[in-house]
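**Q** Please find one structure pasted underneath; my questions will follow.
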Amino acid sequence: MSGLGIMVLTLLLLVFMETSHQDAGEKQAMQRDAINVRRRRSITRRVSEACEESCEDEEKHCCHENNGVYTCLRYCWG
């Protein structure tokens with residue numbers, strides 16, 4: 001095999017080794033993100049049907065109900 005062929009094979013080997021290290025880092029990051037997603041809790045809101053129905057007209061969610069006053073928002077936080 002010529003010197004040029006050996007250099008090309010060496011270069012390909014180095015490129016392969018570098019890309020495999022990068023993939024391992026991405027895999028670790030994906031696993032870490034998956035663990036964080038599993039730890040999150042979902043908040044279940046309990047409001048009356050009247051509140052839900054009044055907010056449906058505005059295409060929003062009933063986030064809070066206080067003495068018959070409904071808080072309708074696109075997204076409920078906290």
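The count begins at 1 with the first shown residue.
The backbone N, Cα and C atoms fix where each Cβ goes, glycine too.
Remember, predicted model here, so these are calculated numbers, not experimental data.
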**Q** Could you pull the disulfide partner of Cys72 out of Cys55, Cys63, going by Swiss-Prot?
**A** Cys55
**Q** Measuring Cα to Cα, how far is Cys55 (disulfide bond) from Cys63 (disulfide bond) in Å?
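**A** One finds 9 Å between the Cα atoms of these residues.
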**Q** Cα-Cα separation of Cys63 (disulfide bond) and Cys72 (disulfide bond), in Å?
**A** 6
**Q** Quick check for the class: what is the C-alpha distance, in angstrom and rounded, between Cys51 (disulfide bond) and Cys72 (disulfide bond)?
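**A** Their Cα atoms are separated by 8 Å.
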**Q** Can you tell me how far the Cα of Cys72 (disulfide bond) sits from the Cα of Cys62 (disulfide bond), in Å?
**A** 5
**Q** Which of Cys62, Cys72 (the disulfide-bonded residues) has the most other Cβ atoms within 10 Å?
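**A** Neighbour-count leader: Cys62.
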